[in-house]
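These come from TrEMBL:
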TRANSMEM  22-45  transmembrane segment
DOMAIN    23-444  domain 'Major facilitator superfamily (MFS) profile'
REGION    59-87  region 'Disordered'
TRANSMEM  133-157  transmembrane segment
TRANSMEM  163-180  transmembrane segment
TRANSMEM  192-215  transmembrane segment
TRANSMEM  221-241  transmembrane segment
TRANSMEM  262-280  transmembrane segment
TRANSMEM  300-320  transmembrane segment
TRANSMEM  327-347  transmembrane segment
TRANSMEM  359-379  transmembrane segment
TRANSMEM  386-405  transmembrane segment
TRANSMEM  417-439  transmembrane segment
REGION    459-486  region 'Disordered'
COMPBIAS  474-486  compositional bias 'Acidic residues'
Amino acid sequence: MPSAADRVPWGWLAAGRASRRLVLGVVFVALLLDNMLLTVVVPIVPTFLYTTEYEGTNSSAAPAQPEPASPALKAPPFSPPPPSGCPEGEEFLAQENVRVGLLFASKALVQLVVNPSVGLLTNRIGYHIPMFIGFTIMFVSTIMFAFSGTYTLLFIARALQGVGSSFSSVAGLGMLASVYTDDFERGNAMGIALGGLALGVLIGAPFGSVMYEFVGKSSPFLVLAFLALLDGALQLCILQPSRISPESTKGTPVTTLLQDPYILVAAGALCFSNMGVAMLEPTLPIWMMQTMCSPKWQLGMAFLPASVSYFIGTSLFGILANKMGRWLCSLVGMAVVGISLLCVPLAKNIYGLIGPNGGLGFAIGMVDSSMMPIMGYLVDLRHTSIYGNVYAIADVAFCMGFAIGPSTGGAIVRAIGFPWLMTIIGVTNIAYAPLCWYLRSPPAKEEKIAILSQEGPIQSRSHTAQKALRDFPLTDDSDAEAESAE
């Protein structure tokens, strides 16, 4: 006890580093900020590009008009539009579907490439340093968003966010899985952590649209940058980002995990369920501009029902999924995702989107809160209980949805229209849902050892390492405990 007090000047700080709940709090805040930044740009980017590029070229092409002389009269054409008039420039908006989709997808594409490397890095140096690297990159990306005035700079900021998000999410989820070794406790902890993700999604789009409408483009990003600084201070206190703490046991390689059909089924559920909302993000605001003549503030508020219900879904099914069966929870969730997406194009105004978007968010919450714990459970059951690589795969699956969705969604809308896009991804989710049945009772580790003989003595080693790793991310004495356990 005295040695701990010497190392850490405040008693609460020492207690914090030994508390699983405070580590859960750090991961919660990191996921919250990441997903606020993810969604705060959704209502801002389409209208910002329309205002700066389309209206800018229009005003320069028509210098004879008297209005452009007064800057006060130039800004509102996009704000509350006339009751009968939608924004002009149908061809520009059609092209913008593709450009905005690519910009949104850049984050997920970069994250997709970086994730496997981060998984390997966490196995070698622990979770503390990658978590802090993620915070640093996220802060730089947020500042870039605040002061970027062109499509190219916004694209770079979004791609940079993908690097930071990869470090934060892989390290954060791996840390939680190693701290909460009991499967039931882990499910609850993952549900709470995903609640942070859900809260970020919940707040992001409405917060961005309201701040952009009434304060300006930079304001929401400056608020997020300030919150990111607070998160960095929290990480410095609770975690120990100056210390290298490699895993005491070598984790199963990514290539081996990718050959596991059960892990692939779980990853596919994460990918396709999130692909639906990923396709909505760049295309729904532009569709609302074209068909509903929606003002700027409504473009973000349209995602509010999905965000609220996602928060409820992840919080509720973090506990319920374990009781009703995570495979069944995910199967039902994917079916509801598909039905909700089919109903989105039926809406005639923003109020018509409440039901479909609410059902979509709730169902995705069911899938995410079921599949994230299942990933850790499958590794415990069939591989070595080291979690960096499997949560890198989970994050890759999540990112594939957010990479393929926006990048292809804009092109599909331009080719065959928004309703057909919703039909395609809705039917895909309904068709995939029955595959979740295979996760009902995956075979145990002994059967895997019979197939992969090189992992022979892993049974006893993994359980010993699992207990040693319970306190691994938190205390300075964990290395010595891990060595004695070996």
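Using the three backbone atoms N, Cα and C, a Cβ is placed for every residue, glycine included.
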Confidence summary (mean pLDDT) of the domain 'Major facilitator superfamily (MFS) profile' (23-444): 79
Candidate ranges 22-45, 262-280, 327-347, 417-439 - greatest C-beta contact count to the transmembrane segment (192-215) (under 8 angstroms): 22-45
Long-range neighbours of the transmembrane segment (262-280), counting only residues six or more past its ends (CB under 8 A): 104, 108, 303, 306, 330, 333-334, 337-338, 340-341, 344, 357, 360-361, 363-364, 367-368, 371-372, 374-375, 378, 382, 390, 393-394, 396-398, 400-402, 404-406, 408-409, 421-422, 425-426, 428-429, 432, 435-436, 438-439, 442
Among 22-45, 133-157, 300-320, 359-379, 417-439, stretch most in contact with the transmembrane segment (221-241) (C-beta, under 8 angstroms): 22-45
Contact check, the transmembrane segment (163-180) vs the transmembrane segment (300-320), 3+ Cβ pairs under 8 Å, seq sep 6+: no
Contact set, same chain, for the transmembrane segment (327-347): CB under 8 Å, 6 or more residues outside the stretch: 269, 272-273, 276, 280, 284, 313, 317, 320-321, 353, 355-357, 359-360, 362-367, 369-371, 374, 418-419, 422-423, 425-430, 432-434, 436-440
